[in-house]
Each structure stands twice: as C-alpha cells, then as structure tokens.
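So that you can see what the record holds, here are the features copied from TrEMBL:
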- 424: active site, proton acceptor (ACT_SITE)
- 138, 177: FAD binding site (BINDING)
- 18-132: domain 'Acyl-coenzyme A oxidase N-terminal' (DOMAIN)
- 278-439: domain 'Acyl-CoA oxidase C-alpha1' (DOMAIN)
- 480-656: domain 'Acyl-CoA oxidase C-terminal' (DOMAIN)
C-alpha cells in the first residue's frame with residue numbers, strides 16, 4: 001500500500017522546477033548527487049539511528065558515539081570514500097564526536113603550522129587514525145584573549161626539550177572537544193619561554209595517552225568537564241580539561257613552520273610570513289557560515305512543514321480549520337527565516353571563492369586583501385551564527401506546544417548549535433574587530449588608498465552621504481539598485497557617524513570602549529550589506545530551471561526588505577529613506593509573503609534533507625505528524641510500565657494519607 005503524502009497538495013502548488021532548485025541549493029549537480037547518495041547511505045544504516053539519543057544516559061550516549069564513529073570509519077574504508085565524501089558522511093551521521101576535532105582542527109593545525117618534516121612524521125598516522133588528536137587552546141581563565149593563555153613551554157637546552165607546565169588553576173586547558181576521553185595527542189598552545197624570555201603563544205604536538213593502554217602519560221591530568229546544555233545534543237562530545245605537571249617533549253614537537261627554536265635555544269622567525277596562519281582562519285570561518293545555512297535550513301524545514309499540517313481556528317460550517325501557515329503573523333515570522341537560509345547559503349558559496357582567492361594571493365606574497373578578508377569572515381561568522389541560533393528558537397515557537405517536544409528535533413538542534421556563537425571567536429568580540437577595521441577604512445578615505453573587497457562601496461562615500469532614495473511606490477522596492485544603495489548608504493553613514501564620535505575622544509581606545517555598543521551596530525550594518533549584495537550578485541548568474549530564478553528573486557527581496565523593516569530606525573535616522581518609504585517597503589513585504597506562500601513547502605524540499613537527518617516528527621517528509629507523535633509517545637521508557645516505579649514508596653502513601661507528620 002502506497003504511503004500517504006499529507007503535503008501532496010502543497011507540493012502541487014509549486015511554481016518552479018524543484019529538481020533544479022535542489023541543484024542551486026547544493027551548489028552544483030555533482031554536489032547534489034554526491035550529498036544525496038551519502039545522506040541516503042547514512043539514513044538506511046541502522047547503526048546510525050538517533051531517535052533514542054535524548055533518552056540515553058551520558059555514559060550510554062558517549063558509548064553510542066564511539067560505536068557510530070567506529071562504524072563510520074569502517075564504512076569510509078570499506079567503500080573507499082574520498083576525503084570529501086568521508087566528511088559528508090560524518091556530517092550526516094549528525095552526532096558531535098571527537099572525529100570533528102581530529103579532522104577539523106588537529107590535522108589542519110599541523111598542515112598549516114607544521115614544517116614538511118613534521119608533516120611527514122605526523123600526518124600519515126593522523127590520516128590513518130593511528131593517533132587521534134584535538135586542539136588544546138582554550139583555558140579555564142582565557143578563551144577569546146589567546147595572548148592571555150597561561151600554560152608555559154620552557155625550553156631546556158641541556159636536554160633539547162620543552163617543559164610544559166600548568167602554573168595556575170586557570171591555566172588548565174578547558175573545553176577542547178575530543179580531549180576528555182578519546183584523544184591520544186593534542187596540538188597544545190602555550191607560552192614559549194627561552195632563556196627567561198616570553199615569546200608569546202605557540203603550538204606544540206603533545207602525546208597525552210598511551211597508545212596501548214590509553215592511560216594518561218606521567219605528569220598529565222585529563223578528564224571530561226561535565227554535562228552541557230540540553231539532553232543528547234553536544235553531550236556526545238567529550239569536552240575536556242587538561243593539566244601539565246612539568247611534562248617534557250622533544251624540541252622538534254614545536255610546530256615550526258612560522259618560527260623555530262634552535263638547538264642552542266635561540267628563537268628565530270622563518271621566511272614564511274606569519275599571515276599564512278590567517279588562511280586557515282578564513283577556511284574555518286567559511287565552513288561555519290556554510291554550516292549556519294544548513295542548521296537554519298533544518299529548523300525552517302521543520303517549522304514550514306508543520307505549519308502546513310497544523311490547522312487552528314476558522315472552521316466554516318464544520319469544514320477544515322485554517323492552516324497555520326496561512327496566518328500572516330506566521331508568514332511574517334517564518335518566511336524571512338526561509339529567505340535567510342538561502343541568503344546564508346549563497347554568501348557561504350562566495351566565501352569558498354574568497355578562501356581560494358586569499359590562498360592564491362598568500363602564496364604569491366600578496367597580503368593586500370588580507371585585513372579585509374579577515375574582517376569580512378569574522379563579521380559573517382558572527383552574524384550568521386547569531387541569527388541562526390535565534391532562528392532555531394523562533395522556529396520552535398512557530399511550532400507551538402509540540403515544538404517543545406524532544407522529538408520535534410528543535411530543542412536538540414538548538415542545544416547543539418548555540419555553542420557556535422562562542423567558539424572560533426565570541427560573536428560580540430568578532431563584531432568589534434570588524435568595527436575597528438571599518439573605522440580604519442573610514443580614516444583612510446581621504447588618503448587616496450582605495451577600499452577593497454566588501455568595503456569597496458566606501459570609496460563612493462561622498463555620493464552615498466548625499467544620495468536620496470527615490471522610492472515612490474511599493475513596487476519600487478523591487479529594484480536591486482534601489483535596495484543595494486539603501487544598504488550601502490546606511491552602512492557608510494553609520495560608519496562615518498561613529499568615526500566622528502570617536503574623533504571627539506583624546507584617547508582613541510577610551511572612545512572605542514565607550515562607543516562599543518554603537519560600533520557593534522555599525523559592524524552588523526556592514527555584514528548585512530555583504531549578505532544582501534552577494535544574494536543580488538547570485539541573481540546576476542545564469543540560473544536554469546522553470547521559475548527557479550523568479551523564486552530566488554522573491555526570497556532575496558524578502559530577505560532585504562525584512563532587514564530594512566527590522567532596522568527601520570537606522571535607515572530613517574541616517575536619512576537614507578523617509579518614514580513613508582519605510583511604510584512602502586513593509587507594504588511590498590506583505591505582497592512578497594503572498595508570493596512565497598504557494599511555494600513554501602517546495603522551497604524547503606529543495607534542501608533535500610532525509611527524515612533521518614532532520615530528526616523531527618513535525619518535519620517528516622510525508623506530513624503524517626499526529627499518528628507518528630502518538631506512536632512515538634509509547635516508546636518512552638516511562639511508558640514501559642503502567643504503574644510508575646516509586647508508586648508504592650512515594651505516591652501511595654500520599655494518596656492513602658499514610659505520611660506521618662513530624663512533631664516539632
């Protein structure tokens with residue numbers, strides 16, 4: 001018997017070619033076919049089931065993670081998967097594990113900061129997983145301020161070794177994933193000291209556990225830091241703590257691509273520019289932005305499908321109630337998030353190009369675009385992760401009471417995702433870095449030095465400070481040039497206004513500290529402009545498929561005009577638009593929501609997520625939500641018995657009034 005599709009009618013409404021939109025979302029036909037094949041491979045494997053994850057104890061959850069990681073490694077070897085396919089398989093398993101840090105941080109750190117000799121020694125073992133590594137940087141007392149790390153690595157010229165030591169409680173390494181129970185090795189960041197002189201923070205390869213018995217080596221104290229937010233979620237990861245009590249390692253285990261310590265203990269810089277390290281940073285942040293679009297798309301997919309299934313109020317003469325997705329309040333909260341998922345996807349694509357461009361320039365010793373690329377990726381990491389974290393929670397609210405159920409998939413998705421707002425740079429700290437770069441750019445406007453890359457618009461500051469928005473009717477807001485100029489003018493005017501305010505302080509650093517909330521807003525305006533401009537650039541490409549480009553144009557306009565409506569105060573206060581033009585933008589936004597509505601289900605189908613990957617009853621492909629919720633309820637361990645454990649000891653005495661009262 002053929003399964004029912006409760007979304008069939010919704011899918012018939014679509015005004016575009018779904019298969020072509022799937023390819024646009026994936027980035028290419030090859031990417032689509034590859035991701036589809038790997039996602040289905042994972043979904044069909046019973047070892048990778050995850051519907052019971054939130055009910056497991058921490059120990060059972062961790063053992064389950066080890067089992068899945070081992071099985072994934074076996075499948076990767078048996079099927080001879082490429083590195084790209086292997087990474088994809090691990091992401092579709094969808095359970096944070098030590099392998100994330102081994103492949104995502106430990107190996108790239110050695111590749112980026114190690115010499116060719118160190119590559120030859122360590123990478124073959126790491127690639128075969130004969131050693132498992134993590135990235136031990138963050139400490140109990142310092143995270144964002146890397147230069148404040150306290151762990152020391154003191155060179156001993158007598159033995160040609162470094163002595164690693166944790167001199168204070170706050171110098172304990174704290175948080176590295178994979179450290180708590182699994183990693184045999186770590187790239188440890190410590191203060192390099194030679195001849196009594198502190199040379200700042202450098203990386204060292206350190207063995208932590210025996211390769212035969214997995215016991216910590218002498219002088220090493222290591223363990224897990226404990227439960228984290230949520231059930232299931234990131235608790236599958238063994239975030240660890242680590243202390244050194246004068247642990248000695250050979251001199252050649254310092255990562256020496258950029259700087260070295262000689263046999264005599266002399267600290268020397270190599271010919272390799274320090275800026276090369278930034279290439280890795282651009283890569284990591286580009287990955288985080290791409291992951292943001294993916295996590296946001298998952299939440300939006302769940303909320304959109306459930307909003308089409310759920311009916312509430314408005315029944316006429318005993319007929320069906322109104323689909324929740326047809327309420328304008330639901331559309332105005334949901335559709336901008338749908339548009340944001342696509343916007344983040346395309347800016348993530350562009351960041352891949354930027355990483356390639358930066359890498360090529362670095363190899364040619366061209367560092368001219370590096371400060372701008374660094375600021376741009378820092379800002380986009382901050383903005384996309386903050387928006388996504390908030391959006392997942394908004395999607396939970398959009399699903400009403402059932403969104404609070406663990407099997408809606410949203411509570412766990414939220415708990416797993418929110419650490420991204422902190423790791424790889426605290427989001428507010430990153431925005432302040434962006435603002436500092438923008439203030440420097442503004443200060444150089446009169447010097448003849450042209451702004452580059454995503455700040456090129458500042459080269460037209462004179463025009464943008466004076467231009468007036470020419471919108472007279474709501475439909476005028478559909479012109480890409482009108483939207484772009486409004487966002488550019490707002491960003492320039494906010495930057496220049498802040499720069500003028502900073503100029504009133506005799507000490508610039510005092511001004512920066514005092515005005516930091518305003519500077520954060522300036523950075524956000526700049527980052528929003530980048531995302532809008534990259535979405536508009538995407539639409540300049542040749543995009544095949546019936547109605548595909550038209551839907552993307554609608555989503556681009558929703559994204560931009562929603563931001564304009566949300567930050568109307570900025571646009572009006574800076575004189576970019578009038579209050580009436582703001583009202584017209586909102587009017588156009590309502591018309592756009594009506595155009596998204598018939599395509600909403602197909603637009604989330606384009607993400608091509610399997611039910612396994614979504615991990616949500618509310619977001620299941622066939623929309624058979626109520627039957628599945630009812631069936632799932634009976635699988636809870638609490639329902640294993642009709643009468644609960646503890647009835648005789650605790651509940652019956654209350655009911656029978658047998659509880660004795662103590663005499664005071």
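Any Cβ shown, glycine's included, is placed from N, Cα and C.
All features noted in TrEMBL, drawn onto the structure.
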residue : record                       : contacts (Cβ under 8 Å, 6+ apart)
138     : FAD binding site             : 173, 174, 175, 176
177     : FAD binding site             : 96, 98, 100, 101, 134, 135, 237, 238, 239, 240
424     : active site, proton acceptor : 284, 285, 288, 381
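A mean pLDDT of 93 is what the model gives for the domain 'Acyl-CoA oxidase C-alpha1' (278-439). Helix, strand and coil counts from DSSP across the domain 'Acyl-coenzyme A oxidase N-terminal' (18-132) read 90 helix, 0 strand, 25 coil.
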